[in-house]
Amino acid sequence: MAKEKFVKNKPHVNIGTIGHVDHGKTTLSAAISAVLATKGLCELKDYDAIDNAPEERERGITIATSHIEYETENRHYAHVDCPGHADYVKNMITGAAQMDGAILVVSAADGPMPQTREHILLSRQVGVPYIVVFLNKEDMVDDAELLELVEMEVRELLSNYDFPGDDTPIVAGSALKALEEAKTGNVGEWGEKVLKLMAEVDRYIPTPERDVDKPFLMPVEDVFSIAGRGTVVTGRIERGVVKVGDEVEIVGIRNTQKTTVTGVEMFRKELDKGEAGDNVGVLLRGTKKEDVERGMVLCKIGSITPHTNFEGEVYVLSKEEGGRHTPFFNGYRPQFYVRTTDVTGSISLPEGVEMVMPGDNVKINVELIAPVALEEGTRFAIREGGRTVGAGVVTKITK
């Protein structure tokens, strides 16, 4: 019955809970679901269903993630919760579950802890743009001054990592109490606090720009020459729209070239345009087959540039995940798989880091042997002889 009400006419936003272990992330996820279920805005998912997260494999990395969905009056949300700290690290670095914003859960009884800090840092690094804070376990704090102190600490921590700490919405409450209330079918004082939190999420986390509204980009997968028609490049459009007559650029590996789109085909049919998510063939005017190769991208003119040097945040696969069995050191030269191709690059480790063990996450500097279309937020895999040994995201372009 509840399924019928899920009409996708509301704007869609992806969020997730982050924060230190045992501060109540999963309980809050269950409480949000339970409180909104009393209003008929979602299906009830209990704590155990969320906590026993199925393991998924994303680029060969095992990640346990729970997905729940719910609605507020204004929006439709997909919400991610991870049971273990390592799962968060992997999830955020691989972008397995992209977040438009996050709810940072901090126990009011304990204040910010090491993983609180690490999750905020990761959010900054991997580009989670907005954070709303829930101070959980408010029922365990009798002292209003203590609550204020924790709030100040959290704001300071956010500011340290370049989030607007002073303007960040912070709502206090108790996920457990709200969950207990909701199970009786009522929204009491604790449930109201969860609704207040969701109202802040609605207000503070903007609706993300849809992929089709972003500048056109298509990674080149294959190149063909068609007699009498010219060169066709195929691939899946990552973002934006491409129309017949558009001027586009071919970026990466070699010097950037300009060309004009003379045709767009999908399943052998001629189209006026292709958009994000479509697998298409794009016919290019005056471009020779040998001018284009896998690993380049077709894009809107000036929207992305080729680079060889960048900083990245990476997760190194553990031995159990099929990764390396031994650490790597400064100067390690693996392949970086970006979109559709491998490019060799050398890794410099941060000062004071001697080596990186399988299962670690670390910030690295990379120099590629050929330029690739890159921007902050571009994801990549690190490969060695065709097998994935790490996953990462570009956090800063340096050259």
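Cβ atoms are placed via backbone N, Cα and C, with glycine included.
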For Swiss-Prot, the entry region 'G4' belongs, out of 136-139, 320-323, 376-379, to 136-139
Swiss-Prot feature region 'G2', matched against 60-64, 240-244, 390-394, maps to 60-64
The answer for the region 'G2' (60-64), taking Cβ pairs under 8 Å and residues 6+ beyond its ends, is 53-54, 82-84, 87, 90-91, 94, 96, 315, 317, 320-322, 387-388, 391
Counting every protein chain shown, other Cβ atoms within 10 Å of the Cβ of HIS85 (GTP binding site) number 15
Sequence-ordered list of residues in the chain of ASP22 (GTP binding site) that lie 6 or more positions away and have a Cβ within less than 8 Å of its Cβ, or none, is SER107
Students should find that the Cβ of GLU138 (GTP binding site) has, within 10 Å, a number of other Cβ atoms equal to 20
DSSP, reduced to three states, assigns THR26 (Mg(2+) binding site) to helix
THR26 (Mg(2+) binding site) sits from CYS82 (GTP binding site) (Cα to Cα, rounded, in Å) at a distance of 8
